[in-house]
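Participant: This is the structure I have questions about; it appears just below.
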Amino acid sequence: MSRPILVFDSGIGGLSVLAEIRKSLPHSDYCYLFDNARLPYGELEEQVLIAGCVALVCDLVARTNAMIVVVACNTASTVVLPALRANLSIPVVGVVPAIKPAAQMSKSKRIGLLATPGTVKRHYTHELISQFADDCHVELFGCSELVMMAEQKIATGEMDMHRLADLLAPVVAAQLDVLVLGCTHFPMIQAELQQVLGAGVTLMDSGAAIAKRVVTLLTQQNLIVEQRRVTNEREAVGQSAMQAFYTKAEISEGLTTTLIDCGFSTIERITTTN
């Protein structure tokens, strides 16, 4: 396995980000770390969250010799990113809610942000709105339950559409034309969200922008040369290496199947003392 790209999230939401990165770098090796023992992150004290994430990610970077870390979690990006960058010598990429492109796209200038309560209330989020959407009416919707519904869908294949409609009723009532998906879990249920909200609402997430940033940083660090070499090798021998790591005592059969279908050949539990 060559030096992998390490994608990190509290749960399965980061798979949506990983999928976007793979479109740009299809022959790279990947590690996916999901800290599902502590899901959802939005309910943890900040210092507890920081200590646990730094320990997990730094240990796995050392183990895998990862060349870049992608924090595919909005909560962790706003809380943990500075500590990770202080403890790692490799690039660390975070998630930024797609407020700017949403404001640019909106014709009615009525946009919304659907995220966890933690992301909705953070000062950083309000700074983004002030900086990039001051000409828009912006509605904020915080909902942790949608995170668990996305996890449940991956685990069982089932989605309670009646409950989803109830949760999204305030979004429908707001009469928006663009809704930012401010949690990486939400693209995993994008079809269901679109079904409830209707075709008149455009859903935007940050996956493509993150992938573009990863390519830029690898180029700046001269690591894109290594990626081209790996690409040539992969074209000769086949599929890239994919490893998944989780922290819960066990994961569901449905989630295991999903990871295998995504191309992961190794699915392993790791532990942390934090």
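Here the Cβ of each residue, glycine as well, is placed from N, Cα and C on the backbone.
Annotated active site, proton donor/acceptor per Swiss-Prot: Cys73, Cys183, in sequence order. If you look up Swiss-Prot, you'll see Asp9, Ser10, Tyr41, Gly42, Asn74, Thr75, Thr184, His185 marked as substrate binding site.
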Participant: Measuring Cα to Cα, how many angstrom lie between Tyr41 (substrate binding site) and Cys183 (active site, proton donor/acceptor)?
Facilitator: 11
Participant: Which whole-number value in Å describes the distance between the Cα atoms of Thr75 (substrate binding site) and Cys183 (active site, proton donor/acceptor)?
Facilitator: 8
Participant: To see if you understand the setup: which same-chain residues, six or more apart in sequence, place their Cβ under 8 Å from that of Cys73 (active site, proton donor/acceptor)?
Facilitator: Phe8, Asp9, Ser10, Gly13, Gly14, Tyr41, Val95, Thr184
Participant: What's the CA to CA span in angstrom from Gly42 (substrate binding site) over to Cys183 (active site, proton donor/acceptor)?
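Facilitator: Distance (Cα to Cα, whole Å): 11 Å.
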Participant: DSSP three-state call for Asp9 (substrate binding site): helix, strand or coil?
Facilitator: strand
Participant: Suppose we draw a 10 Å sphere around the Cβ of Cys183 (active site, proton donor/acceptor). How many other Cβ atoms does it contain, all chains included?
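Facilitator: Cys183 (active site, proton donor/acceptor): 33 neighbouring Cβ atoms within 10 Å.
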Participant: In whole Å, how far does the CA atom of Cys183 (active site, proton donor/acceptor) lie from that of Asn74 (substrate binding site)?
Facilitator: 6
Participant: Other residues with Cβ within 8 Å of the Cβ centroid of Asp9, Ser10, Tyr41, Gly42, Asn74, Thr75, Thr184, His185 at the substrate site?
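Facilitator: Neighbours found: Gly11, Gly13, Leu39, Pro40, Cys73, Ala76, Thr116, Val147, Cys183.
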